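The structure appears below as structure tokens.
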Amino acid sequence: MKIAIIGTGNLGSSIAKGLIKNNTFTALFLSDKNTANVDAYNSLVNVTVTNDNLAAVQAADMVIFALQPKHIDKVLESVASIITEDQIIISVAAGVEIPRIEAIIGKDKNIIRVMPNTAISIGKSMTCIAPNEKAQDKVGLAQDVFNQLGTSLVIPEELIQAATVICASGIAFWMRLVRATTQGAIQLGFEAHEAHELATQTCFGAASLLIESGKHPEQEIDRVTTPSGCTIEGLNAMEHNGLSSALIQGIVASFEKINQIKKN
Ligand SMILES: NC(=O)C1=CN([C@@H]2O[C@H](COP(=O)(O)OP(=O)(O)OC[C@H]3O[C@@H](n4cnc5c(N)ncnc54)[C@H](O)[C@@H]3O)[C@@H](O)[C@H]2O)C=CC1
Ligand SMILES: O=C(O)[C@@H]1CCC=N1
């Protein structure tokens with residue numbers, strides 16, 4: 001598969017890095033007006049770094065538009081005339097719905113909204129995928145690509161906004177929880193680098209336990225909370241201070257914001 005990425009900022013360059021790490025293409029075209037993030041890849045076999053969006057789109061079977069919502073319409077307009085009915089057009093732009101893309105490039109094009117996260121750079125993205133009517137039979141091809149870069153789930157388009165909050169913004173939410181844990185560990189006497197290792201490895205262990213056992217978090221919590229012990233003391237103090245409530249309110253605030261972006 002020949003893949004082009006238009007926009008190689010934070011997410012586009014993360015996708016490029018993941019694709020290169022997995023060698024998930026026959027040719028890769030990376031186009032941006034500022035290619036600084038990906039210039040180093042230009043020396044790789046089968047990778048072309050360019051400022052020419054049109055050339056990149058024309059050369060690819062799958063084109064991933066990784067542009068901010070405020071820029072994507074203009075770029076789509078500039079390449080619309082050369083997009084073919086066989087190409088797979090992917091947008092990762094948050095809040096930009098399929099009808100808005102169809103209005104620019106046509107309903108007769110294969111359009112797939114994909115919502116990965118920056119862990120795609122290390123092949124660990126949770127990626128949600130929603131196709132338009134025309135692209136129903138291309139979803140498998142998109143999953144083939146994104147399953148090599150983590151895990152994917154096909155969902156209805158109306159859930160993509162929610163998936164953006166949970167999976168894409170979610171990376172930032174989990175990072176903040178890790179940072180808070182690190183701050184606590186330093187206060188208890190660990191050096192910063194030790195605190196970081198303790199926090200990240202414990203976070204990794206907790207996620208791995210749930211993934212491998214398929215259990216509900218509360219079942220694993222029950223195995224940790226010794227009666228009258230320190231864990232339940234800590235958990236209850238966190239809940240009295242609104243831990244679960246703060247997370248849920250943050251998720252809902254993020255969702256309300258993305259629905260505003262959608263309307264702009
Ligand atoms: N950063 C993240 O973790 C995630 C971002 N997204 C979505 O992905 C999209 C991109 O986000 P980021 O990578 O964070 O933004 P960014 O601002 O880092 O990257 C956008 C890139 O587009 C380039 N660009 C702008 N106009 C262009 C043009 N005319 N031709 C070629 N390139 C052009 C910019 O130079 C920039 O490198 C956004 O729509 C965002 O909502 C979705 C999921 C996660
Ligand atoms: O913050 C944002 O709007 C984008 C979408 C999800 C991650 N970054």
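All residue numbers here begin at 1 and follow the chain in the order shown.
Here the Cβ of each residue, glycine as well, is placed from N, Cα and C on the backbone.
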Query raised in the report: Which of these, S31, S78, S81, does TrEMBL list as part of the NADP(+) site with I6, G7, T8, G9, N10, L11, A66, L67, Q68, P69?
Result: S31
Query raised in the report: Where L67 (NADP(+) binding site) and N53 (NADPH binding site) are concerned, what is their Cα separation in Å, rounded?
Result: 12
Query - Annotated NADP(+) contacts I6, G7, T8, G9, N10, L11, S31, A66, L67, Q68, P69, maximal Cα-Cα distance (Å, integer) - result: 17
Report task. Which residue among the binding-site residues I6, L67 has the fewest other Cβ atoms within 10 Å of its Cβ, if you could check? Result -> L67
Report summary line: Here the Cα-Cα span from P69 (NADP(+) binding site) to N53 (NADPH binding site), rounded to a whole number of angstrom, reaches 17
Report task. Work out, from DSSP, the number of helix, strand and coil residues along the domain 'Pyrroline-5-carboxylate reductase dimerisation' (157-260). Result -> 90 helix, 0 strand, 14 coil
Query raised in the report: Could you state the CA-to-CA distance between I6 (NADP(+) binding site) and N53 (NADPH binding site) to the nearest Å?
Result: 7
